[in-house]
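To start, the structure under review is shown below, and the notes come after it.
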């Protein structure tokens, strides 16, 4: 048997997996079938839960090329297993992009780079036609062709085809696979496909549909019922029924049915919502161009990559991703960007052969050429076409390969939630199973010694397991999350991933995104649903430049004296505004700028456009009141606009005064970028100082520039010329200063987060200094702190990559604070605070990319204290989230949905401020469009997390208390009665567990966080001490009752209550027989004590401040506990025959009841003292404070004598209980320790850090002092 190394699928991508090939083995399958029969089907369940066991038990290893089944394992931290069946289909050719008309009857050798054929068909494989089933018609047409066998498998709605060239399975996404240049795309792919080519490609790419299939209720039911916990509950019900515990079995069965029904309803509802969202306008009628210039109408489901689609003039919903090759479209991309601002899409550049530059011949990429790409699901509002040409787009990708398809896939197949609480919960359950194993063996040995019948031994031994692992645990754990979800809904926060609520309780760092507004530059301020700032920008003023000098700043440019200036002409022309139904529409910043000069925009009619071959003319003119009185001057102010191209940091247009032949180029953009493209003599010498003056005040600054173009340039030459010669040697015109005030609630919210030791980070797309200024204004960076800008440069001219450090704005009063950035108190000891100046790092997206690639070690240091990340692209936001998580931060992300899907999904708690479709990928969506939702989410997360701990601890104690009772009773061959179990599990446990979860969140955030897992010092101490207390008092009760003078072996004739005159008991029925020996004094005594123990631990574990409201404010819990206390005291001191008979308890003397009450009171007092005083006051502060991982966590200087005393007492207790320095748990704490001892950190402004080509001692950089 040939063995090979595992193949790697999707290398370097999020869904990277290792793949192994397997072939079905008949004798192994027969053995597995026999095992299934022998185990009553349990082996089949085990193989269903463990895919790798299933494959390895029934298959043998083989090469991936010959595999019948593939076994895949994800390479991420979850290491999940998946299996898929390899199928074979027949096709006339091996490559979807080959032309069948040019092939011979014998298929040509496969191209190494693009071959998807399989030379041999593995035994036992069946051939499967493609989804569209056009193969019969194709083989009818190409009857002389030798069919090619194509091997593939489907996984997560994606088909993987075998590629002989690379000897691996690969995904066919569309035209992107060909890596075609822009000119080639125009030349070879803009004519359209023949019908035969279209059918042939559909064999490979399938139906163009994002199919979200809503599973039937039966399928969902089977999947839900096969959950291991429900299988365990089914086992428990069968066991209890065999032991005649019918009532309890029915109660658990009823609970399980309710739980399953609720779960099915929720899952079904989510599937339907997603299906409805995707299905809206997903199937439309489209017109396509065929290779013979015919226009054919068909359904969008038949589209394949390479089809040329005609975009109707009245618009449409795009059913695929396509690139424009002719005409212009105005598109609403809210589904992708979260912003409903229309975007203008232009046709892909197609330079003439002699003018093709490197940029024009670059391979087409949907991300790099998104300004020319129409994405699936976006709404084309209107189109423009000229000289009778149609607006055409070449289909790039279809189905799940589209941008919308990838978004839907990420929702359908999310990564599992990785949280320490859930991992620890499974470990805790394993511990309970181990305890159950001890009881299992104990009961068997005891029963054998007493010669108990075999049937009874089996039932009672297995019963121990069902007692120790409580079947009601899943429902109990879910209750707190459901209540938190309801409270969040009342706060206007909607959740589609309830399990994330608990994780939000651990968040110690929040990234705030300032979403891009579209258009020429990514704005630092979110203009529609602003994260930190008010909605919209206002024009604060302008500062013009003439002869290389700045004029005085002016409030506006709406002046008669400026109407003919190039400065105003640039404001009038350099934008992407358009008219939709008579209303100006476009980037809000462009709108503000255009409205400030009061000009009028007119767009040419369809008849007028015929005069301009494929060019979109727009006319702007000033208002009449600003024009001179001479009427002849009026036409001279009209301009025609021709947008050239857009990048992230600048925009350029070509314009011409009516009546003139020469054209003008106008540019606007980031000041530093525009200035670098202008003649040096036109840029004022004090440009940098003036710019910094504005940006430090938080103003948004835009620079303008102009250039008179050569007369030889015509309109058509301009359309195809490279942008570089146009944008060179421009004249600097001046600055536009825009103002965006902080929202009123922003500083207060950030202050709350800071006081709660939660770091805040700004992720923006704007100018670095502006971002730093906003960070100072809103409180992210205190005024006295230093900001260090890290500027990284890629390797060039043989020089290594390097980072230069400069201080953005040295504080005027350099104060040395008694604090450090990452508190050393977090790492397990409180020494004297180290005097160190606080500092923050800032960097832009370009530097972030260079540092990520060339300085991976340095990146961890920078994110540890990085506060401002400017000019960040959407994928860089996701990388930043990953980098922060890489040093063990729990990261929250707050954005408005604009290109934030990746970051919102990647963060532990992503909250979108937009209710548009993009927010469907975010775990949380806020109706309130400001950041006040962030502390609310964290508060509720902390409350839900503490509730989960309380419930889990309570359920663990409940099972252990019951386990102790049953184990003690087994020693006398007794047990708890059926109705005693029923009363405890239904009346006490369920009532308490569903009401103790109702405590609302505490009203404010505190500086410490709850522990992240159950395996922590305080929680283990709490559980173990309560177990010992309950064990001690139950054992005391069990032994003490047997020492009483009135004690005897109970029979129906026993009437010890007659020893006193307090209670008269009726005669018992002599014919009653107690087969299970339920009624006895030990049973009754343990029932009373254990019933009160459940209530005691419920009260002790139900903690309030500082994460939840006090329990006394939870009136359902208080009322339930009081009613149960009163009822138990009532039946203990005033027996009622009906209740006693129902619960199978016997009458005991009054004096023993008094002793039982004393035992119960002492038990309660000890439990409260241990939990409240010892744990909360001593151990909780010591161990818990070490476990917390505050981010900004400044160690406060004692401000009062009392706080100074507390600090000294705290240190003494620490040294007493934790004498040795315990290393920090979180990686960022460990880094903080290292940096605090590093004399070269932070870098000085006179240093440069260079990357090493051959790292020594594990370091990838070295610091040098500049000369």
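Every residue, even glycine, has its Cβ placed from backbone N, Cα and C.
Taken from TrEMBL as is:
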DOMAIN    168-245  domain 'Cation-transporting P-type ATPase N-terminal'
REGION    98-118  region 'Disordered'
TRANSMEM  27-49  transmembrane segment
TRANSMEM  246-267  transmembrane segment
TRANSMEM  425-444  transmembrane segment
TRANSMEM  464-484  transmembrane segment
TRANSMEM  949-973  transmembrane segment
TRANSMEM  979-998  transmembrane segment
TRANSMEM  1019-1041  transmembrane segment
TRANSMEM  1085-1102  transmembrane segment
TRANSMEM  1114-1136  transmembrane segment
TRANSMEM  1156-1180  transmembrane segment
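The helix, strand and coil residue counts that DSSP assigns across the domain 'Cation-transporting P-type ATPase N-terminal' (168-245) are 47 helix, 6 strand, 25 coil. Tallying C-beta pairs under 8 angstroms between the transmembrane segment (979-998) and each of 425-444, 949-973, 1085-1102, 1156-1180 places 1085-1102 first.
If you count C-beta pairs under 8 angstroms between the transmembrane segment (949-973) and each of 27-49, 246-267, 464-484, 1019-1041, the highest count goes to 464-484. Below 8 A, the CB atoms of the transmembrane segment (1019-1041) and the transmembrane segment (1156-1180) form 3+ pairs separated by six or more positions in the chain. Stretch with the largest number of CB pairs closer than 8 A to the transmembrane segment (1114-1136), among 464-484, 1085-1102, 1156-1180: 1085-1102. Per-residue pLDDT, averaged across the domain 'Cation-transporting P-type ATPase N-terminal' (168-245), gives 83.
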